[in-house]
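Visitor: Here you go, one structure.
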Amino acid sequence: NTLLVCAAVIRFRHLRSKVTNFFVISLAVSDLLVAVLVMPWKAVAEIAGFWPFGSFCNIWVAFDIMCSTASILNLCVISVDRYWAISSPFRYERKMTPKAAFILIGVAWTLSVLISFIPVQLSWHKAKPTSPPDGNATSLDETVDNCDSSLSRTYSISSSLVNFYNPVAIMXVTYTRIHR
């Protein structure tokens, strides 16, 4: 379905001329990236019973967070776009230019990359390893065949606020105002 959405917008000129469809394409791309960069790797690991991709784990975790964040932020941008289009249609036509749309899309994707890759590459996202009962300091998290994506409490809370709760609150407000 995602590919069909992209193909339709690319194929039909009247769909390309609507700024709103830029946001739809951005959402479709984020969903497509989940299907390409996240799901296959996890499926192979689940089938194999271990993580066969070694140090690719951190990059995979960053892609997972990035794609999920991009999807949510794109949904948020779409809700704001629809609110502006409905609440101020004449101003919307003047202000929501392709340039403005690309800026909003760029902000959503930039935030997604920053929120995912920086914390993951700096290991801010990881829960502190716990020592096993035998007192050995190594953790399962450190083994090559385990891609443990357990999150630290601080990262989990801050990431949830920025990546999920704030965008959902914005969407709830915009759609509530639209339906009034």
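Counting starts with 1 at the first residue shown.
Backbone N, Cα and C atoms are what each Cβ position is placed from, and that goes for glycine too.
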Visitor: Just confirming the record: what cysteine out of Cys57, Cys67 does Swiss-Prot connect to Cys147 via a disulfide?
Guide: Cys57
Visitor: I'm curious whether Gly54 and Asp145 share a membrane side according to Swiss-Prot, where sharing means carrying the same topological domain name.
Guide: yes
Visitor: Six or more residues beyond either end and a Cβ under 8 Å away: which residues meet both conditions relative to the transmembrane segment (1-10)?
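Guide: Same-chain contacts beyond the flanks: 16, 21, 24-25, 28-29, 31-32, 35.
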Visitor: Who are the chain neighbours of the transmembrane segment (22-48) in space, where the CB to CB distance is under 8 Å and they lie at least 6 residues beyond its ends?
Guide: 2-3, 5-6, 9, 56, 60, 63-64, 66-68, 70-71, 74-75, 77-78, 81, 98, 101-102, 104-105, 108-109, 112, 147
Visitor: Please list the DSSP helix, strand and coil residue counts for the topological domain 'Extracellular' (49-57).
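Guide: Computed counts for the topological domain 'Extracellular' (49-57) are 2 helix, 0 strand, 7 coil.
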Visitor: Taking the Cβ of Cys147 (disulfide bond) as centre, how many other Cβ atoms lie within 10 Å?
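Guide: By my count, 21.
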Visitor: Would you mind splitting the topological domain 'Cytoplasmic' (81-99) into helix, strand and coil residue counts from DSSP?
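Guide: Within the topological domain 'Cytoplasmic' (81-99) the tally stands at 16 helix, 0 strand, 3 coil.
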